[in-house]
Amino acid sequence: MKNIVILISGRGSNMQAIVKACQQEQWPARIAAVISNKADAAGLAFAEQHQIPAIVVPSKGAASREAYDAELQRQIDAFSPDLVVLAGFMRILTPAFTAHYENRMLNIHPSLLPSFVGLHTHQQALEAGVKVHGATVHFVTAELDHGPIVAQAVVPVLDGDDEDMLAQRVLVQEHLIYPRSVRQFIEGRMTVEGNCVRIAAEDA
Ligand code: GAR
């Protein structure tokens, strides 16, 4: 059994999609903990309902970014994670933290990276006038919203779209590609070669 620790900051819909896929598809893994930097993250209740330890490591009032990440790392490592999954965890991470979880920490970002890093990605896409938009699963490195790309999903940008409509269309795809990517990692089918991620075919 492999251990997955999921970090959230809010709603946690991607976390929920991963928890459900893990149960329904009987992955050789358990969601060992869900950790939030915000006490009012809605996703914590879902974790509790599913008997998953739901932990708050509050970022508000932390002495420094380094001190916070060190404490977060201590709490994560108490669950001996094979994989750390960032699912709407809205924090910039220190290089020491990203190095500690090198090649074993995934993130989902709501754009087709390397386009539209940072916040308000759907607004950025609308303002850029792109015709397609989407989401990216990637390994986390020290550089924000960079790192080897695992999976991408593409959606059309339609006439009349606003930020919310586009976000909703992308989110549907996030809930497909993120659980699939986590499963591929857990099954040991993912290798990172420089910037490229190779995914071995499923056993027959
Ligand atoms: C998702 O759209 C995710 O891609 C995004 O936050 C949302 C979280 O929703 N993440 C980022 O913007 C990270 N830079 P969720 O809490 O319902 O999964």
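Cβ coordinates are placed from backbone N, Cα and C, and glycine is handled just like the others.
TrEMBL labels come from automatic prediction, so no person has curated them.
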M90, R91, I92, L93, N107 bind (6R)-10-formyltetrahydrofolate according to TrEMBL; which of R65, R74 goes with them?
R65
Within the domain 'Formyl transferase N-terminal' (2-181), what mean pLDDT does the predicted structure show?
98
Candidates S13, N14 (binding-site residues); min other-Cβ count within 10 Å returns S13
Measuring C-alpha to C-alpha, could you say which of the recorded positions G12, S13, D145 are within 10 Å of N107 ((6R)-10-formyltetrahydrofolate binding site)?
D145
Taking only the binding-site residues R65, M90, R91, I92, which one has a CA atom nearest to the CA atom of H109 (active site, proton donor)?
M90
Could you give the Cα-Cα distance between L93 ((6R)-10-formyltetrahydrofolate binding site) and N14 (N(1)-(5-phospho-beta-D-ribosyl)glycinamide binding site), in whole Å?
20
